[in-house]
Amino acid sequence: MSPQTETKASVGFKAGVKDYKLTYYTPEYETKDTDILAAFRVTPQPGVPPEEAGAAVAAESSTGTWTTVWTDGLTSLDRYKGRCYHIEPVAGEENQYIAYVAYPLDLFEEGSVTNMFTSIVGXVFGFKALRALRLEDLRIPPAYVKTFQGPPHGIQVERDKLNKXGRPLLGCTIKPKLGLSAKNYGRAVYECLRGGLDFTKDDENVNSQPFMRWRDRFLFCAEALFKAQAETGEIKGHYLNATAGTCEEMIKRAVFARELGVPIVMHDYLTGGFTANTSLAHYCRDNGLLLHIHRAMHAVIDRQKNHGIHFRVLAKALRMSGGDHIHAGTVVGKLEGERDITLGFVDLLRDDFIEKDRSRGIYFTQDWVSLPGVLPVASGGIHVWHMPALTEIFGDDSVLQFGGGTIGHPWGNAPGAVAGRVALEACVQARNEGRDLAREGNAIILEASKWSPELAAAC
């Protein structure tokens with residue numbers, strides 16, 4: 001080997017394995033305004049110190065690998081490495097720690113949620129030194145937020161388009177979700193919209209199956225929507241699910257929806273993927289379509305308390321990728337703690353500036369620098385008796401979705417929709433009069449049912 005090509009160990013490179021914490025655990029580091037900050041819930045394997053576990057997460061999700069490599073000398077590790085800058089034990093849990101990691105902004109492609117997640121959670125979750133790992137929160141710096149388009153329209157533009165103000169919006173998923181022909185499906189849509197709902201919805205798994213192809217469904221739903229609009233004088237929408245097997249097919253369906261003149265389409269953003277979702281969000285902004293987002297598959301990722309990704313992170317990612325509505329749970333009937341946590345990420349979806357508040361699960365102050373907001377959708381097992389609580393908890397900027405609560409009405413879809421609309425209007429009026437919805441909710445619904453036989457039948 002010639003002297004020019006020989007790599008000499010004496011130059012400063014020393015092969016071999018060394019502890020991650022020697023390089024990647026930096027408690028003296030002061031975070032920069034441009035860093036992406038992550039809070040990981042780390043459960044180390046027995047015998048692994050928390051500092052080593054936290055440093056391992058920082059290393060494996062940035063520049064590190066299991067051994068020292070000579071090519072480290074060709075770049076500036078100090079500039080590009082992730083740093084675990086703080087570790088704290090989780091109160092009430094044995095051998096669980098919150099590890100805070102700072103990533104330099106240069107590690108990420110601009111405007112790509114896909115690249116952000118590939119970097120931060122792509123490889124590290126199978127790491128042997130960890131028994132479990134959960135990404136609890138991310139702080140997205142304004143410099144990175146500004147590289148994203150975000151929601152196609154946002155809350156204010158949606159209200160302007162629909163001409164609906166001063167109350168939550170009402171929706172309903174068409175049931176049975178699978179098996180109806182396109183014409184019968186359209187009929188169910190018409191009945192619900194005619195009765196007083198603002199929106200009806202394709203279920204997340206309604207795409208283009210043999211019993212109902214997407215084009216037929218789009219045509220009959222558009223007919224139902226325009227007929228209900230003509231009868232009621234209100235603007236109506238049906239979330240036409242454009243999710244498909246390829247991005248090209250998805251955009252083709254969105255183009256057809258736009259040509260029909262409908263106001264909104266829908267996407268399953270986790271099963272469809274962030275690349276597809278961002279493409280659709282860009283198309284929707286350019287062509288005046290609202291975009292409803294369903295979170296099918298989220299529980300696979302976020303249900304375990306010590307492993308996976310918390311939904312607040314998936315919600316932040318959706319706001320960056322783009323969507324005007326997203327399902328956010330209901331909180332009705334759940335534990336108080338879960339209510340606070342849910343309202344924490346509801347604020348992260350809607351508000352422009354959210355202060356750090358650990359009691360609500362918000363680990364970092366988040367500034368969205370005027371990125372449009374997303375309407376949270378409450379759906380799943382709710383009915384008219386829940387209306388006072390939902391109106392109080394979610395406020396006006398929300399979509400309340402009563403699927404079985406509408407279609408399960410003993411008199412049919414249209415009376416079910418009437419019952420929901422009357423209950424909502426009664427709760428909004430009572431709230432505006434200063435009444436306590438939490439205490440007087442049942443009385444408010446019963447009062448309204450005296451002059452609405454449809455609501456009385458639903459009660």
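Cβ atoms are placed via backbone N, Cα and C, with glycine included.
On its own chain, Lys175 (active site, proton acceptor) has Ala188, Asp203, Gly403, Gly404, Ile407 as residues at least 6 apart in sequence with a Cβ closer than 8 Å to its own Cβ. Residues annotated as active site, proton acceptor in Swiss-Prot: Lys175 (among others).
Taken from Swiss-Prot, the feature active site, proton acceptor covers His294 (among others). Within 10 Å of the Cβ of His294 (active site, proton acceptor) there are 28 other Cβ atoms, across all protein chains.
Positions annotated as substrate binding site by Swiss-Prot, on the basis of sequence analysis: Unk123, Thr173, Lys177, Arg295, His327, Ser379. Secondary structure from DSSP puts Unk123 (substrate binding site) in coil. Around the Cβ of Unk123 (substrate binding site), the same chain contributes Glu60, Ser61, each under 8 angstroms and 6 or more positions distant in sequence.
What Swiss-Prot lists as Mg(2+) binding site is Lys201, Asp203, Glu204. Glu204 (Mg(2+) binding site) falls within neither a helix nor a strand when secondary structure is assigned with DSSP, and so counts as coil.
If you look up Swiss-Prot, you'll see Lys14 marked as N6,N6,N6-trimethyllysine.
The annotation N6-carboxylysine is assigned in Swiss-Prot to Lys201 on the grounds of sequence analysis.
In this structure, Ser379 (substrate binding site) is part of a beta strand by DSSP. Most Cβ neighbours within 10 Å among the binding-site residues Lys177, Lys201, Arg295, His327: this distinction goes to Lys201. Fewest Cβ neighbours within 10 Å among the binding-site residues Thr173, Ser379: this applies to Ser379. When the binding-site residues Asp203, Glu204 are scored by other C-beta atoms within 10 Å, Glu204 scores highest.
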